[in-house]
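Please read the structure below before turning to the comments.
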Amino acid sequence: MAFKYHKVAIIGKHYKKEVSQMVETLYAYLQQQGLEIIIENDTAVDTSLVNVAIASLKEIALRCDVAIVVGGDGNFLKASRLLALYSNIPVIGINKGKLGFLTTLAADDNALKNDLYAILKGDSSVTKMSMLKCRVDNNLRAPLEASIALNEIAITASRGLMFGLKVFIDGRYAFDQRGDGLIVSTPTGSTAHAMSAGGPILNPNQNSVVLVPICSHSLNSRPLVISDESVIDIYITDYNDPEPVLSIDGRHDTILKAHQKVTIQKARKKVTVLHTKDYNYYDTLREKLGWSKVLF
């Protein structure tokens, strides 16, 4: 069976030796298969490879058939989110990090020769990961890449003081909250910051988002799962003279003031992730979270 994907991009984590070594191994393997290979600019600098084709993330998204991201979940998160802004290029994750929720292929010879080989031949399963976009005070001029989240959008305390929020969903008043903040998470992000704050785990294929309070000053405040078609408006109240921080996937921090409004809704773009044919999301949860393990 011929390869389904012929032009393959490799993206690694900058300044990480073990990732660079894996990139070189991966490059050699793909070259043996007769595939055309392009390496992301910063990734190529960290390797000993010479006379290789290089490109930016935008160029990769527009020119390549598939992108392989080598590293941890953070590197996968950053690269796949940016690639999705420019095209529907599918992404494969090879884990050279710690947890590996998103980078589901192992970084070993067996995974290359069997799992990756099969995926590149087209024998794979697909997950479509939804993203969120936000704007502050209806500002539509913010750069798109600074407004899109694959995991979560969080509003958190900046000075060790709790602050107040007023939340509307689809134009209807939902609740007030005082505490350390609020996380609005995608299904992908439900196993990240949102889970640490006590939120539920959502299947990546579920068309939902979850609102998770952070250390709410009320026993009645609970996580809320809603449709991902909903529009969420969050107003900062003047309680405690707040200066909370708006973070998008842990980056692009913006200091907010009282009476400002943050609007969050589903982004039009999705991240397309390729897995092995027998990939089971619940296997990943069981392995990474230690389900069914004997504790004592």
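Glycine too: its Cβ is placed from the backbone N, Cα and C atoms.
Database features, via Swiss-Prot:
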- ASP73: active site, proton acceptor (ACT_SITE)
- ASP73, GLY74, LYS78, ASN151, GLU152, ARG178, ASP180, THR191, ALA192, HIS193, ALA194, MET195, SER196: NAD(+) binding site (BINDING)
What is the interatomic distance between the Cα atoms of ALA192 (NAD(+) binding site) and ASP73 (active site, proton acceptor), given in whole Å?
10
ASP73 (active site, proton acceptor) sits from SER196 (NAD(+) binding site) (Cα to Cα, rounded, in Å) at a distance of 16
Among the recorded positions listed here, ASP73, GLU152, ASP180, which has the most company in the form of other Cβ atoms within 10 Å of its Cβ?
GLU152
Fewest other C-beta atoms within 10 angstroms, as judged across ALA192, ALA194, which are the binding-site residues:
ALA192
Rounding to whole Å, the Cα atoms of GLU152 (NAD(+) binding site) and the residue listed as 'active site, proton acceptor' are apart by 14
Give the number of CB atoms, excluding that of SER196 (NAD(+) binding site) itself, located within 10 Å of its CB.
11
List the same-chain residues at least 6 positions away in sequence whose Cβ sits under 8 Å from the Cβ of LYS78 (NAD(+) binding site), in sequence order, or say none.
ASP249
Could you find out if DSSP has ASP180 (NAD(+) binding site) as helix, strand or coil?
coil
Among ASP73, GLY74, LYS78, ASN151, GLU152, ARG178, ASP180, THR191, ALA192, HIS193, ALA194, MET195, SER196, which the record lists as binding NAD(+), the farthest-apart pair of C-alpha atoms sits at a distance in angstrom of 31
Which three-state DSSP class does ALA194 (NAD(+) binding site) fall into?
helix
